[in-house]
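Here the structure is laid out as structure tokens; the discussion comes afterwards.
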Amino acid sequence: MGNCCGNPSSATNQSKQGKPKNKNNPFYSNEYATTDRSGAGFKLSVLKDPTGHDISLQYDLGREVGRGEFGITYLCTDKETGEKYACKSISKKKLRTAVDIEDVRREVEIMKHMPKHPNVVSLKDSFEDDDAVHIVMELCEGGELFDRIVARGHYTERAAAAVMKTIVEVVQICHKQGVMHRDLKPENFLFANKKETSALKAIDFGLSVFFKPGEQFNEIVGSPYYMAPEVLRRNYGPEIDVWSAGVILYILLCGVPPFWAETEQGVAQAIIRSVIDFKRDPWPRVSDSAKDLVRKMLEPDPKKRLTAAQVLEHTWILNAKKAPNVSLGETVKARLKQFSVMNKLKKRALRVIAEHLSVEEAAGIKEAFEMMDVNKRGKINLEELKYGLQKAGQQIADTDLQILMEATDVDGDGTLNYSEFVAVSVHLKKMANDEHLHKAFNFFDQNQSGYIEIDELREALNDELDNTSSEEVIAAIMQDVDTDKDGRISYEEFVAMMKAGTDWRKASRQYSRERFNSLSLKLMRDGSLQLEGET
């Protein structure tokens with residue numbers, strides 16, 4: 001459910017402005033009033049067994065340290081002990097579908113269920129009032145995994161082995177507890193503090209689920225680069241976490257993802273083909289043992305893929321302290337930096353898009369549903385959807401509409417209820433035009449010159465960067481995005497950056513789910529999802 005921990009740069013910026021005022025609960029306002037579909041107020045209950053109702057009795061909320069699709073994370077202080085924690089406050093107004101509500105509920109249940117572990121962020125308390133859910137957890141202020149690697153002067157295979165051992169130990173403890181993570185990626189690992197010996201911690205269980213041995217899942221979730229082929233085939237189990245860890249290992253060793261393309265469909269097809277490139281620099285210098293582990297973690301057949309326990313027994317991990325201590329080269333560090341930096345800029349832009357759409361998406365959806373639901377059954381069929389969209393001036397091909405209907409019809413009854421219709425509406429709004437990208441661009445282009453200049457970039461990313469490397473990072477972004485080298489970023493260059501590699505549409509998790517469901521159906525129909533040897 002987004003970054004639960006602090007960005008250390010925020011603390012630096014705040015200290016310049018004086019001591020922040022504590023706020024008991026930022027969600028007590030009309031802006032967050034919750035209404036049902038008829039417009040009347042009602043109390044939505046999200047958590048099964050919260051610690052309490054009023055967080056302000058036990059904690060003081062301080063400055064904002066992070067922001068995600070659904071919530072804002074604050075530094076918070078235990079009034080009794082003075083201990084510092086992170087508090088993720090999720091507005092109920094943002095939880096528009098049953099899926100959103102279930103995600104939050106399950107995230108808290110999983111965090112409660114997980115045993116204390118040095119590499120897993122721990123839950124302290126949870127609160128629920130009429131307007132929001134508040135999740136109080138361990139505070140991590142040591143920064144992101146890739147940022148620390150880049151900051152170190154010497155990056156080696158031995159360092160990568162130590163990181164991978166930690167990540168796979170997290171996977172192992174999750175699987176032992178009957179939890180499938182489903183969203184392992186570098187951004188979901190933070191260091192507890194700035195010390196060199198700081199523990200690396202898994203921070204986000206927003207897409208995680210409980211599973212039983214042999215149980216298979218079909219919901220497409222996660223981030224495109226890290227998705228296992230069986231996720232796209234919509235038939236998977238906990239083996240997907242080992243695949244995702246294998247993708248991270250590949251990136252740790254060479255600085256780029258193993259399966260990359262300009263479009264989401266291209267990424268999906270590269271994942272299905274599962275061809276691993278060991279020719280580019282620095283792979284010729286990487287040990288055979290490391291390459292062997294990468295191959296076995298990125299085995300396309302989940303039955304043949306190593307388990308987390310088997311990864312930890314692999315010679316490269318067992319002998320992590322003896323792994324080559326020779327630098328992997330400046331190229332790998334530069335790639336990792338670029339990967340991390342571009343994620344920061346995209347995250348900032350996605351946040352602008354998400355904040356804009358959060359208001360826009362809700363407008364008119366209820367009225368549109370009621371207009372299409374002519375029989376007042378509380379659900380609409382394909383013909384009603386098609387007729388309603390045509391009436392609204394949306395011309396969608398029958399085949400695309402059928403795919404969209406199948407992707408969003410969660411209960412499989414051939415109709416869409418209101419919750420499912422919300423997902424369709426969000427999907428269609430984002431497909432219709434690039435208005436949201438224009439709005440994000442305009443957010444950065446503060447003087448409305450038609451270009452993002454270096455000062456505007458610096459201002460927009462102020463909260464994302466620490467003072468020690470900010471100028472270097474800004475220069476790196478400009479170098480990558482400014483393709484015509486005129487010292488500024490045009491709208492066309494901005495759009496190209498947003499659409500490359502990761503899908504900008506992930507501004508909405510619900511949309512991302514439906515988008516990849518739709519893509520999966522297309523790939524099934526054209527035969528792309530068949531395993532080798534299948535007919």
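The backbone N, Cα and C atoms fix where each Cβ goes, and this holds for glycine too.
In Swiss-Prot, the feature region 'Autoinhibitory domain' is placed on 323-353, out of the ranges 199-229, 323-353, 416-446. With a cut-off of 8 Å between CB atoms and residues at least 6 apart in sequence, the same chain places Val481, Asp482, Thr483, Asp484 near Glu493 (Ca(2+) 4 binding site), listed in sequence order. Cβ-based neighbour count (10 Å, all protein chains) for Arg488 (Ca(2+) 4 binding site) stands at 19. Counting other C-beta atoms within 10 Å of each candidate's C-beta, the recorded positions Thr73, Ser223, Thr415, Ser490 are led by Thr73. Of the candidate recorded positions, Arg67, Gly71, Asp183, Ser490, the one lying closest to Glu456 (Ca(2+) 3 binding site) when CA atoms are compared is Ser490. Shown in sequence order, Phe444, Gln446, Gln448, Gly450, Ile452, Glu453, Arg488 are the same-chain residues outside Asp445, Asn447, Ser449, Tyr451, Glu456 whose Cβ sits within 8 Å of the Cβ centre of the Ca(2+) 3 site. Cβ-based crowding with a 10 Å cutoff singles out Glu384 as the top-ranked of the binding-site residues Glu384, Asp484.
Here the candidates are the recorded positions Val65, Arg67, Gly71, Ser223, Asn375, and by Cα distance the one nearest Tyr451 (Ca(2+) 3 binding site) turns out to be Arg67. Taking CA atoms as the reference points, Asp486 (Ca(2+) 4 binding site) and Ser223 (phosphoserine) are 33 Å apart.
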